[in-house]
Amino acid sequence: MERREEQLGAAGAGAAPALDFTVENVEKALHQLYYDPNIENKNLAQKWLMQAQVSPQAWHFSWQLLQPDKVPEIQYFGASALHIKISRYWSDIPTDQYESLKAHSFTQITRFASGSKIVLTRLCVALASLALSMMPDAWPCAVADMVRLFQAEDSPVDSQGRCLALLELLTVLPEEFQTSRLPQYRKGLVRASLAVECGAVFPLLEQLLQQPSSPSCVRQKVLKCFSSWVQLEVPLQDCEALIQAAFAALQDSELFDSSVEAIVNAISQPDAQRYVNTLLKLIPLVLGLQEQLRQAVQNGDMETSHGICRIAVALGENHSRALLDQVEHWQSFLALVNMIMFCTGIPGHYPVNETTSSLTLTFWYTLQDDILSFEAEKQAVYQQVYRPVYFQLVDVLLHKAQFPSDEEYGFWSSDEKEQFRIYRVDISDTLMYVYEMLGAELLSNLYDKLGRLLTSSEEPYSWQHTEALLYGFQSIAETIDVNYSDVVPGLIGLIPRISISNVQLADTVMFTIGALSEWLADHPVMINSVLPLVLHALGNPELSVSSVSTLKKICRECKYELPPYAANIVAVSQDVLMKQIHKTSQCMWLMQALGFLLSALQVEENLKNLHSLISTYIQQLEKLAEEIPKPSNKLAIVHILGLLSNLFTTLDVSHHEDDHEGPELRKLPVPQGPNPVVVVLQQVFQLIQKVLSKWLSDAQVVEAVCAIFEKSVKTLLDDFAPMVPQLCEMLGRMYSTVPQASALDLTRQLVHIFAHEPAHFPPIEALFLLVTSVTLSLFQQGPRDHPDIVDSFMQLLAQALKRKPDLFQCERLDVKAVFQCAVLALKFPEAPTVKASCGFFTELLPRCGEIESVGKVVQEDGRMLLIAVLEAIGGQASRSLMDCFADILFALNKHCFSLLSMWIKEALQPPGFPSARLSPEQKDTFSQQILRERVNKRRVKEMVKEFTLLCRGLHGTDYTADY
């Protein structure tokens, strides 16, 4: 045992001599893989066996492992090794051995025809790979030969065994072609050869399928074989007889699944639409399945109904345009559409009672697109036929979207509820799309139904029906501009009449109100009809998401109409926040809603509400600042800081966001005096510093503090100016004590907004120099532990160069050290950090001429940068980053041409750099290409992509075909 493990260990490490790959050692390794309880030994054996499979010795041992006295596991490995050698190492085989390899493969398949099925399949795959490698020149009639050899009467295997073995071989042949690694030009030749060879396959399949004496196992194999071959894009008319036979086989329960798969694959081939006559012949066959479909639905046979639906949808969805064009056959196509409608409306609740209806939704998109793509006159004709169909579809979809009874829904698993939620979203998307076909009449239709339902005194309505109709409105109103609609006022009037006794209905009422918030902004008189419902729902934790998101939408869209309701909204919101009814994320949304609301108030009113809203939190924060740090306190601090951040994110009394809304927007006059947010921030600044002093080493707290100021800066812009000096001072102290990425991100915001203003340049320059100095010290200690800090630092440097290059002219800035650290950052394993570093260099290099210190350091250390870039392209960095490195090369070429032309030749001189796979000619070509291209950045990116593939040995492989 020890001896074996030593051998396997050595082989696993790549140190074993080739002689170790013997039959005996392979068998021992397989025994270890299957039966050794030690997982490390299993992994070791697996690694060794993978090496054995690709070794030259595999040609020898694979045949020996197939001997009759071996167990199936060993035989399977032998067959797999044979397949790997044939498919990947075909060039190893001398031409004169092709025939013996072929004959030996046939012999083994014949022997295993009555043996292990998994071994038989692997051997068939191996022979299929061999055939593909030899076709068409070395083996021009491969498929016909296979059929002839297996039909020979002198075989020792019984006819059924031979038949099944042949069918297995014919089945895997197209599958192996689809996954083969054949070069593109060979693939075309082999595909053409196989298309011709199907003439030897289909008559055999037809005969076996229609022969009454064929056993079920053979017929099933025939259908699978046909299914495999049609994916080679065989002309649909050549498949006609087999498709008809497959339709007949649908009546046999044992053959049903295989028949469905074969029919769907045949119909779904992209080329099939060319054969319109064949498609027209298929419609009656599909329509002939309606009785079987109805019976299946009646008997709760989900598998059968699912399969028949797949067939109908495959025909309708893939060929609706071709079939619509056949005007004289419009009635048969309409019958197919109605059959698909039946599948859409199949009884029962998805996904518990049925899983079929979801298959049909894409068909309705396709049909609508095809109808609307016709020229106006033809479209009008089809609209006349299909508008009633689409109105019926809306009714069907809304019925399918209905919730089950509360009792039934209570028994559903969480997974079933989630699937139903996704299904309803799909229905919502479909309704939104159908609106394009039906227009305003669809809204009127929904409104009439809802009105009749809510005002009828004859019978009590179900909440499910009401909810579904509202859901239809919501689906459309969320994405379509319904401001012109004459039914929305009536709908808003109906909503308060809805008797809400159910969470799902209440949720949909909320979301519908939210979807109509833009309409409410244009019709403020209606706000009072629905706002009380929303505020009432805020107090229900089960309606947390819907009520808070709806209030946020109303506050955002209708903020200039809300001052009369502001006191009530703030009071209700404060109450639910204090009672902790909502989860953290909803609390944050609620604060954003209040930020929108307060933005529209006069300054005095704003400050009054603001103090009322946050005073409790400030008191809690003061108390927490006095206490010894502990985990529960940290959660509370981060929560309070998060609430303030989200409030300040949207509290914009200067209405900066509205600047993009257009001149027609009703704006309040810009208030005079200090900004309320700045007033509050100045009041709590000392408190925040006190909190920081105790939590400075905690990244989450520091991040939460920075978020308050970062979001305030983004919202307030120039209004934040009074805070700049003290914030710069605080950030400097924070970063000097414990460097954190969030502090650098906030510094970047300050540079972006205020660095260009002379009054603010001194504190920002001081902060920039300080954080740069601290970060450079971090590089000396070992920056690899802080990729987030390096990432943020590189982004800060790039922003400084972009916004205020003067920051790089300061004598106290060590530009050389910054440059060297950025080169080091290019070698980080983290992609975002590398990307940020590349971004810094693409901003720095254009400044060579205007900033003396930058020009000097590029002249001295630019070669080091180029080598780092070439190393990355040579294989040290991810291929996804090549565009970023190409940007650096382009910038070097554009702004430092004379230096680059000297450096690149020197850098590429050493053998094996940047990759041992490159020839001197390839390196020379690359350098010349780069130096020639100083205008077209896209071309440089293409050159770099080509070069990196050469460096990695991937050029011209299928692996990089889409790269």
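From the backbone N, Cα and C atoms, a Cβ is placed for every residue, glycine too.
Since the structure is predicted, the reported quantities are computational estimates derived from the model, not experimental observations.
What Swiss-Prot records for this protein:
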- 45-111: domain 'Importin N-terminal' (DOMAIN)
- 56-88: repeat 'HEAT 2' (REPEAT)
- 236-268: repeat 'HEAT 6' (REPEAT)
- 276-325: repeat 'HEAT 7' (REPEAT)
- 330-372: repeat 'HEAT 8' (REPEAT)
- 440-476: repeat 'HEAT 10' (REPEAT)
- 487-522: repeat 'HEAT 11' (REPEAT)
- 524-558: repeat 'HEAT 12' (REPEAT)
- 676-716: repeat 'HEAT 15' (REPEAT)
- 720-754: repeat 'HEAT 16' (REPEAT)
- 761-803: repeat 'HEAT 17' (REPEAT)
- 815-845: repeat 'HEAT 18' (REPEAT)
- 897-931: repeat 'HEAT 20' (REPEAT)
Residues in the repeat 'HEAT 7' (276-325) grouped by DSSP into helix, strand and remaining coil = 44 helix, 0 strand, 6 coil
According to DSSP, how is the repeat 'HEAT 2' (56-88) divided among helix, strand and coil residues?
-> 24 helix, 0 strand, 9 coil
Long-range neighbours of the repeat 'HEAT 18' (815-845), counting only residues six or more past its ends (CB under 8 A) = 772, 775-776, 779, 783-784, 787-788, 790-792, 794-795, 797-798, 801-802, 808, 853-854, 856-858, 860-861, 864-865, 868-869, 871-872, 876-878, 880-881, 884-885, 887-888, 891-892, 894-896
Do the repeat 'HEAT 16' (720-754) and the repeat 'HEAT 12' (524-558) share at least 3 Cβ pairs closer than 8 Å, excluding pairs fewer than 6 residues apart in sequence?
-> no
Other than its close neighbours in sequence, what residues sit by the repeat 'HEAT 15' (676-716), given a CB gap under 8 Å and a spacing of at least six beyond its ends?
-> 598, 603, 606-607, 610-611, 614, 618, 621-622, 624-625, 629, 634, 637-638, 641-642, 644-646, 648-654, 656, 722-723, 726-727, 730, 734, 737-738, 740, 742-743, 745-746, 749-750, 753
Would you mind listing the long-range same-chain contacts of the repeat 'HEAT 8' (330-372), meaning Cβ under 8 Å and 6+ residues beyond its ends?
-> 280, 283-284, 286-287, 290, 293, 297, 300, 302, 305-306, 308-310, 312-313, 315-317, 320-321, 323-324, 379, 382-383, 385-386, 389-390, 392-393, 396-397, 399-400, 404, 408, 412, 416, 419-420, 423, 426-427, 430, 433-434, 436-437
For the repeat 'HEAT 2' (56-88), could you work out the same-chain residues 6 or more beyond its ends whose Cβ comes under 8 Å from its Cβ atoms?
-> 18, 21-23, 26-27, 30, 34, 49, 101, 104-105, 108, 111-112, 116, 118-119, 122-123, 125-126, 129-130, 133, 176, 180-181
Rank 276-325, 440-476, 524-558, 761-803 by Cβ pairs under 8 Å to the repeat 'HEAT 6' (236-268) and hand me the top one.
-> 276-325
